[in-house]
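**Q** Below is a structure I'd like to ask you about.
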Amino acid sequence: MAAYSRAQLLLLLSSVCLCSFGSVLGLKAASGPAELHNPPVLRPADPPAKDAPAAAAAGASQPRRATGWKLSEEEACREDLTRLCPKHTWTNNLAVLECLQDRKELLWNYKLNLTTDPKFESVAMEICKSTITEIKECNEVERGRGYLVSCLVDHRVNISEYQCNQYITKMTSIIFSDYRLICGFMDKCKEDINSLRCGSINIGHKDIHSQGEVIACLEKALVREVEQQDRAHPIKEECQKAILRVAELSSDDFHLDRHLYFSCRDDRERFCQNIQAGEGKVYKCLFNHKFEEAMSEKCRDALTTRQKLISQDYRVSYSLAKACKLDLRKQRCSLDTSLPRAREARLSYLLLCLEASVHRGHPVSGECQGEMLDYRRMLMEDFSLSPEIVLHCRTEIEAHVCQNALQTLIQSADPGGDYRIDRALNEACESVIQTACKHIRNGDPMILSCLMEHLYTEKMVEDCEHRLLELQYFISRDWKLDPILYKKCQADAARLCHTHGWNETNEVMPPGAVFSCLYRHAYRTEEQGRRLSRDCKVEVQRILHQRALDVKLDPELQKRCMTDLGKWCSEKTDAGQELECLQDHLEDLVSGCKDVVGNLTELESEDIQIDALLIRACEPVIQAHCHDVADNQIDTGDLMECLVQNKHQKEMNDKCAVGVTHFQLIQMKDFRFSYKFKMACKEDVLRLCPNIKKKVDVVICLSTTVRNDTLQEAREQRVSLKCRKQLRVEELEMSEDIRLEPELYEPCKSDIKCCCLKEQKKQLSQRCHQRIFRLQEVEMSDPELDYQLMRVCKQMIKRFCTEADARNVLQCLKQNKNSELMDPKCKQMITKRQITQNTDYRLNPVLRKACRADIPKFCQSILNKASEDGELEGQVIACLKLKYADQRLSSDCEDQIRVILQESALDYRLDRQLQMHCSEEISRLCAEEAAAQEQTGQVEECLKVNLLKIRQEACKKEVLNMLKESKADIFVDPVLHTACALDLKHHCAAITPGRGRQMSCLMEALQDKRVRLQPECKKRLQDRIDMWSYAAKVAPAEGFSDLAVQVMTSPSKNYILFMIALSVCVLFLVGLLCGRITKRVTRELKDR
């Protein structure tokens, strides 16, 4: 109670003293305003007047200075109080004093005396006795110079005694009204104030508010010096410490920062009216509204200066220092003065230290984390608060040192841990988060990952896209800024990449190189060893998928390919186009860029999901046909293979088709870009095809090796089985698109525009024609490489040819072509392939093998005229047909020619010679039959019936050959065979087909009057006999061999042979008789 009474006495004494000064002030005012500028003053260093307490006592003895007297009742003060001070403060003399401070020099003199008066110091010693004892610094200060009160003000946070706290709080508001009242401040900063022209240290020189402006001037000068904008007037070290100490002491109550208080009074009423002063709450409220349009520029500048001081010394923030005090000590985050730039990096250093503790899983109080969040957001909102950025980025924002400074800022703010720190990002992406990421808890690090997954989608808005890429640019350059990646891969990075702590640097393994190290180990096989943990690999894959969205998110790619991007891809600015452009120009890139793009493409071949844009475009196809492969976490090229196989499904859209084709084209540049092919054939390539890199060349090399081994019937294939299987896949993919075969695409590039290459070969250039012929030769020998055939007839192959060998698929389809179950589209495709095969025997591998001895024997003259890369237009097959009619072919060749004759008898288009020479005659004489396209031999029958009307000799000859062929086999004449089917069954069932035997049987039946043939069969047979007779007249035998053939193939062969034999016998008998007569005559002559 004694202490309390003493305090009340002190407050009363203060009021009395102030009143006496007020009286003097009133007298001065009455005598004239000029006298106000030169009141009697005391310098801070001077001792207090000896009669000061006496004067106070004298004043107290006057009646109107009795207890309960109010300063507001003084006439001299009433006008100022009414104009300047809120009404609720009028009853409290100290509150009035606080309101009127810096208004009049007389008040300042009084306050100076108040801080230096031994009586007040003795009161402080009595009220704060135990506190002074506890605070060592205050217990040791010199008495009588006002240092004790200033020391207690400095340590007011540690004062627990209520009365002492109340006393020091009031004294604080008085002391901070002028820098000269702060203990030792003027002594330390006197020279700097003068050199910086921050104002005179002489009393009376400045206007009202001037003393707060002096400190503000020094603070701004300190900030400029740190940012190296002002090197002409360096501030002394002791003054710098004093400035930061003043800022620290004024950190709890914004009234104590006089410059900021007067600059932001209106803004405080506008934005923070309901915020109670104390504990830095008003500061934080004003910081949060700093960029509001209604915020005054003067207040914004004052707040920025305050924030810059905080960035130099975290203790200038009362709330941060208080909330994190224990955590800083616990996590050993004390300031390290040995660090370079220790002062300008203090806030960043401490934030990094605490964030490192959080990332390592060490406990940091929630209150401290909340404060960290606020100041991380503050650093993100205003780059000027980071001295490094202002220092290094002033000239060129893209300079390397500037990027390092920005990287340090991002690491300090750590927006990857909580996206809300970046207010611009938070506001821009709010709608996207609410729609696309609403399932994720607010503030969760996965929000950023979710936003990246929706980058370049319909849900993403443009502003959010820009902000997100800006942030990801820096996160991608330091793996630690992705908290999920860091958490999952911290152990792997330490084990495999020799990394240190979260906020520790490593020159051997800088942050940007750690992720490269991780993904190199992520895709290692078990044999290669030292692989990542499963959780870490999943995160590495996630990051790779996100980085593929934009070149700027891949630091290594952007660094090494900047020149090439400008040279080749300046117009490719849409999502994903830059990387595609670099891949397209792979051969033209500089070596460093070429290596990076090659490695990335090789990685994509193993895990195509890295190409997130392609995966999004192909989502319908993946869900319909490839979901099992896509769900597999370990992708080994299966997904891309599935997409290629389903490239023509109805779910395939244009974007997906273009993306898949582009990747196939890129794979052609290097066999390493095809993961499965690389893994299956790597050893074979090194052994059999060294120094070859292009995939197409490697495939040709290996395919040639396999073919040669097969033709030569080698004991053991030089290409391994697993490589041969994958080689088949690659060959099939290459056959799907002409662009995947550069050797074909280049010579045919100009021809593609005008026509379909295979169907309009006559219109092609010579080089292209040759390439197409070679391609068809390969496809016919291996139908699986015929992409169109395999695609159109896919279901029919499953139905009819499941057990057939892959190389005999076309042969199987041809055999089932006329089945009722055959799909019309597939049947049409088979017919096209048959037409192609009949243009040249080399395109029919089965015929070529069966007739390999007959062709050079009978058709050598044709071969001599042929070129290696050009079709023979069916000449060899026509030659073989004639020999078939002459029954001179080997049995195997005869079987194959019979099949061809039977097929071409039903469809004239399969007879290349007939189609070439009779196209005009067919149009003139058989237009209706040709238009019907019934493939029942009606066109051939029409030509036979109209044989006498045919004008062109070449066509007539072909029709006559057709008639000749039909004599050899009734199956070659489908119309006659259909008409005589029953008669063949009844009268010639025992006759073996072929060599004209069944035809001879029918002819004999026709001549036998006892046999009754079907009327239609009889009519057709008679017509054929007439045609054959006409043919014999028009086309007589050209030699003895032809004559013999005609006799042997004639239906009257036996009769003709009998007559020939009879003629020979008669001639023989005539010869014998003539010989005897000749000998008798000769003997008679001798006898003479």
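Cβ atoms are placed via backbone N, Cα and C, with glycine included.
TrEMBL annotations: computationally assigned, not manually curated.
Residues annotated as compositional bias 'Low complexity' in TrEMBL: 51-60. Taken from TrEMBL, the feature region 'Disordered' covers 38-67. If you look up TrEMBL, you'll see 234-294, 459-526, 531-590, 651-710, 763-821, 888-951 marked as repeat 'Cys-rich GLG1'. The signal peptide feature in TrEMBL is assigned to 1-26. The feature transmembrane segment is assigned by TrEMBL to 1055-1078.
Tell me about the setting of these features in this model.
**A** In terms of DSSP helix, strand and coil, the repeat 'Cys-rich GLG1' (888-951) has 50 helix, 0 strand, 14 coil.
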**Q** To the repeat 'Cys-rich GLG1' (651-710), which of 234-294, 531-590, 763-821, 888-951 is linked by the most Cβ pairs under 8 Å?
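**A** The stretch with the most close Cβ contacts to the repeat 'Cys-rich GLG1' (651-710) is 531-590.
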**Q** Roughly where does the repeat 'Cys-rich GLG1' (459-526) sit in mean pLDDT, to the nearest integer?
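**A** Its mean pLDDT is 78.
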**Q** Of the residues in the repeat 'Cys-rich GLG1' (531-590), how many are helix, strand and coil by DSSP?
**A** 42 helix, 0 strand, 18 coil
**Q** Per DSSP, how many helix, strand and coil residues does the repeat 'Cys-rich GLG1' (651-710) have?
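**A** Helix, strand and coil residues of the repeat 'Cys-rich GLG1' (651-710) number 47 helix, 0 strand, 13 coil.
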